[in-house]
């Protein structure tokens with residue numbers, strides 16, 4: 001059903017409602033919302049009366065500008081927090097929200113500080129100014145003011161933690177290497193950080209032409225796109241082109257279009273196919289299943305950024321390329337640490353690009369610096385230190401001739 005919704009172009013719930021997927025921030029905002037509402041309600045309803053020297057007076061929050069300021073600041077903070085719970089989670093607003101969070105923190109702090117000063121006078125008086133304490137006369141009022149201040153302090157603490165968490169996320173995603181929104185760290189020369197049992201040769205294959213390739217749809221991690229007749233023929237040509245090559249094992253993405261390609265390539269082999277989740281295609285959330293035309297129309301910012309600035313694309317507070325880089329490194333480790341000297345790997349274009357970049361020590365800003373056609377082959381060799389050498393990129397001669405590879 002979710003895939004059908006994507007295919008039809010419906011808005012997914014998280015996109016329509018804009019709920020944050022960042023659980024710690026969400027919990028802290030809910031705490032802040034409850035605390036600011038409580039502080040406002042308790043302060044507004046605080047009142048008491050007393051008789052002094054046969055004169056009756058009433059104590060209520062509206063008699064004191066400081067308490068009115070407290071109510072106003074907590075009401076503003078509550079409204080702001082409520083709006084953020086339904087605000088679309090888009091990376092472009094992150095720094096703006098951070099500034100607003102800081103402003104709310106300052107406003108809450110100023111309101112509580114002012115109330116503390118007035119509360120101290122109300123409780124203990126001021127002998128220098130000749131002011132008498134009043135809390136003994138109106139204890140109910142003072143108790144409710146104290147309760148409101150405690151709730152306000154809880155909101156202040158929640159926003160302080162939100163700010164620390166947000167600053168940590170922003171600083172953790174500074175682009176020291178890539179100019180992107182996060183830091184991959186400079187690549188090391190070894191993909192495994194362990195000595196290999198022997199030098200390795202790895203042949204990467206992109207899956208054959210699929211139904212969604214033909215329809216011009218964003219495929220991503222969807223399992224609904226399958227090989228077309230042309231894609232099946234491309235896989236057969238790959239099998240023929242590699243017929244004189246020996247492979248100890250074949251790794252494949254479990255997604256249907258890659259799996260079907262791998263089954264054709266590995267047909268007749270005794271060893272079973274090895275499916276790795278790390279070889280799955282990039283997850284593009286609500287873009288998946290949409291035609292390129294519809295994706296550009298419905299989500300112009302995300303679609304264009306995926307095409308032109310993919311390293312900075314953020315969807316539902318997730319950077320797809322960051323996750324892709326992590327899985328590429330995981331895939332290399334799984335492949336290279338498996339016994340055997342020669343491996344065949346069948347996967348998808350985006351994860352294939354990420355694997356090429358990580359093997360060569362390139363950052364995500366180089367993600368679109370290369371392309372691999374359907375059925376195209378890439379070849380790497382690795383020494384025992386796990387250091388890569390690119391031997392061939394996007395070999396496609398077998399698609400147009402009866403070429404058989406020897407390498």
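Positions of Cβ are set from backbone N, Cα and C atoms, glycine also.
Computed from a predicted structure; not experimentally measured.
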Fill in: Listed co-binder of substrate (same site as 206, 207, 208, 209, 210, 211, 212, 213, source TrEMBL) among 144, 239, 257
257
Fill in: Segment assigned the feature transmembrane segment in TrEMBL (from 8-27, 28-47, 48-67, 148-167)
148-167
Item to complete: Among 69-87, 183-201, find the range that TrEMBL records as transmembrane segment.
Response: 69-87
Worksheet entry | Nearest recorded site to residue 281 (active site, proton donor/acceptor) by CA-CA distance, among recorded positions 207, 208, 212 | 207
Practice prompt. Give the sequence-ordered list of residues that share a chain with residue 206 (substrate binding site), lie 6 or more positions from it, and have CB atoms under 8 Å from its CB.
Written response: 346, 347, 348, 349, 352, 372, 373, 374, 375, 376
Worksheet entry | DSSP-derived helix, strand and coil totals, residue by residue, for the domain 'Casparian strip membrane protein' (26-157) | 96 helix, 14 strand, 22 coil
Worksheet item: Which residues, given as numbers and ranges, are at least 6 beyond the ends of the transmembrane segment (69-87) yet have a Cβ under 8 Å from it?
Response: 17-20, 26, 29-30, 32-33, 36-37, 39-40, 43-44, 61, 93, 97, 100, 104, 107-108, 110-112, 114-115, 148-149, 152, 155, 159
Discussion item. If you count, for each of the binding-site residues 208, 210, the other Cβ atoms lying within 10 Å of its Cβ, which residue has the minimum?
Written reply: 210
Item to complete: Work out the three-state DSSP category of residue 210 (substrate binding site).
Response: strand
Worksheet item: Beyond 206, 207, 208, 209, 210, 211, 212, 213, 257, what residues of that chain have CB atoms within 8 A of the centre of the substrate site's CB atoms?
Response: 214, 219, 225, 226, 227, 228, 231, 374
